[in-house]
Amino acid sequence: MENSESVRVAVNIRPLITTELLNGCTDCITIVPGEPQVQIGSHAFTYDYVYEGAGSPSSAIYDDCVAPLVDALFHGYNATVLAYGQTGSGKTYTMGTNYTGEGGNGGIIPKVMENMFKRVEATKHSTEILIRVSFIEIFKEEVFDLLDSNSAASKVEGQSLAKHTAPGRLPIQIRETVNGGITLAGVTEAEVRTKEEMASHLSRGSLSRATGSTNMNSQSSRSHAIFTITLEQKKIASCPNGVNDDIGDDILCAKLHLVDLAGSERAKRTGADGMRFKEGIHINKGLLALGNVISALGDDRKRKEGGHVPYRDSKLTRLLQACFDLFF
Ligand SMILES: Nc1ncnc2c1ncn2[C@@H]1O[C@H](COP(=O)(O)OP(=O)(O)OP(=O)(O)O)[C@@H](O)[C@H]1O
């Protein structure tokens with residue numbers, strides 16, 4: 001990869017939406033011309049990339065930040081894309097997690113699907129490829145399988161959260177394997193052969209996801225959603241055109257996690273009370289644990305001293321542990 005940094009941070013600034021304009025909100029953030037830097041009042045913040053713009057998420061985000069990870073996936077590297085931000089800031093929109101399959105649905109995940117299958121098509125004569133997807137959500141510190149048909153079956157119209165207490169919807173357990181890996185007991189891992197098949201799992205899972213209304217977002221995701229693509233490749237012995245990536249004879253296996261986190265929020269601003277407030281506590285706890293893991297790993301001195309990395313403080317950090325270990 002051109003940029004050898006293991007972690008890169010991009011900011012995507014969304015335009016004000018109609019309700020905000022009607023409430024008289026104005027933009028408070030400006031991009032410093034020619035720099036990946038934003039200015040809020042007198043404070044300037046620098047990132048690896050900064051984007052802005054209305055409409056479908058810019059393909060520049062995909063090209064700069066995600067395409068290299070898809071490329072790495074085909075070379076056997078695990079990778080994770082995390083969308084983090086305040087509730088209503090545009091995470092689901094940017095990731096494309098609310099994919100319905102209808103026209104105009106953009107986002108990072110649909111672009112990943114499109115580009116992966118283009119690549120599969122281009123290499124199918126030389127490589128045998130098996131792709132599986134899973135789609136889970138972490139809601140109130142419990143893991144649910146969004147591809148489990150029981151989840152969707154119990155959905156009650158107009159009460160999107162009713163399904164989470166429905167008897168058919170059981171949380172799944174995180175297990176540790178003998179070699180220290182993390183697995184989810186009984187999670188659906190659907191084998192997909194086409195982009196359309198993958199898209200149908202994404203849209204089916206999206207419909208089962210926990211959403212609720214807050215003052216800051218009428219369709220707020222109340223859970224962390226992780227769409228995982230597992231890619232297994234095996235070189236075909238007799239390759240007709242003789243062209244092949246240097247992947248050896250073994251099976252090369254890698255995972256790409258596409259994570260749409262629940263929004264960080266302050267109870268006062270979201271107007272959350274009752275159930276919404278309790279969800280907010282779990283959401284913020286998971287995000288805090290994620291922040292603590294990233295800073296523990298980012299602290300060179302602590303890492304060299306073998307300092308403790310608090311993966312076990314949340315389900316989110318436990319599930320992503322394998323990827324973090326590889327990052328740093
Ligand atoms: N780049 C954009 N252009 C136009 N509208 C956008 C853009 N990004 C987000 N929006 C709109 O902003 C609103 C909030 O976006 P979204 O639901 O993706 O936020 P979120 O960060 O996922 O929120 P939450 O954490 O509450 O789930 C939606 O109405 C969405 O359509």
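Backbone N, Cα and C atoms are what each Cβ position is placed from, and that goes for glycine too.
Fair warning: this is a prediction, and the values are worked out from it, not measured in the lab.
Taken from TrEMBL, the feature domain 'Kinesin motor' applies to 6-328. Annotation comment: TrEMBL describes GLY85, GLN86, THR87, GLY88, SER89, GLY90, LYS91, THR92 as ATP binding site. Here TrEMBL flags 196-219 as region 'Disordered'. Per TrEMBL, compositional bias 'Polar residues' is recorded for 203-219.
With all protein chains in the displayed structure included, the most crowded Cβ environment within 10 Å among the binding-site residues GLY85, GLY88, GLY90 is that of GLY88. Proximity to ligand 1 at the level of Cβ atoms, with a cut-off under 6 angstroms, picks out SER89, LYS91, THR92 from the binding-site residues GLN86, SER89, LYS91, THR92. Comparing the binding-site residues THR87, SER89, THR92 on other C-beta atoms within 10 angstroms of each C-beta gives the minimum for SER89. Regional average pLDDT for the domain 'Kinesin motor' (6-328) in the model is 81. When other Cβ atoms within 10 Å of the Cβ of LYS91 (ATP binding site) are tallied across all protein chains shown, the result is 23.
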